[in-house]
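Participant: Taken from TrEMBL, the feature domain 'HTH hxlR-type' applies to B:13-117.
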Protein chains: 2
Amino acid sequence: MNTKKQAPEIPDCKEQLIAIKDTMILLSGKWKIQIIGWLLLYGKVRFMDLLRGIDGIAAKMLSKELQELEQNQIVVRTVMPTKPITVEYELTEHGKTLSGVIEAISAWGVTHRKFLFKK
Amino acid sequence: MNTKKQAPEIPDCKEQLIAIKDTMILLSGKWKIQIIGWLLLYGKVRFMDLLRGIDGIAAKMLSKELQELEQNQIVVRTVMPTKPITVEYELTEHGKTLSGVIEAISAWGVTHRKFLFKK
DNA sequence: CGGCTTAGTTTCATAGAGGAAACCGGTTTC
DNA sequence: GAAACCGGTTTCCTCTATGAAACTAAGCCG
């Protein structure tokens, strides 16, 4: 027999693992999930709100992450015809379907904190 | 008045955003979520299973990510007294509480694929 | 005019994330 | 004794993600 390695009793649950990979490619980067969290909580938000609200992010990063989210149709960018031009960002309908993910992450953060406290 | 910037009408929903940040610190890295997904699907798994099963990961990375997950009590490492020594990894009880997060991520991957297809 | 706002872009620099390959010690098998 | 398997570790290297700071363009304020 050619196959030296023991027969892989491992069933093929790849679909779910591929789906995980797909999602994480879109959400990669230090800031994207936080940005989406903001947009979920606050709805329409201006660039400067995010820049001041998300602790530690630099303008370049915010700009880059928002562009990537826009390309993936998670976020819409709207230029408002105001006095000093402002730009609003908000989640697309598709972006809003991420609420389950974000809420799960947020909830687990709380669970984890309790876990650390109990120990 | 000192505060030139317009009064921030922005309510304080920080708790949830902090929880998101906390979670993502623990799950940072290219492979951790995939590893946890594997462990959720397959239960007890040996090092070599993960190395061969997770496409593209190198031994060094796998080792490093598993160590970090162990330090954070997401994963337990058990050395088995077998002929060629084997090592089993599995989720701790606390690690299993991540199932909600992983399932949400996996489900969204499917949702997103459908979204792309529809367009 | 000088200065402040918004929304970025550009430049420069660096830490560290990640990868390829070799190596290790113990054990079994041929 | 040579080779293979397991579970790593070590070394070396590269690339990119991130960051700080300066700069731009357009508009409004006084």
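In case you wondered, yes, glycine gets a Cβ from its N, Cα and C as well.
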Participant: For the domain 'HTH hxlR-type' (B:13-117), what does DSSP give as the number of helix, strand and coil residues?
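Facilitator: When I sort the residues of the domain 'HTH hxlR-type' (B:13-117) into the three classes, I find 67 helix, 14 strand, 24 coil.
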Participant: Which whole-number mean pLDDT does the model give the domain 'HTH hxlR-type' (B:13-117)?
Facilitator: 94
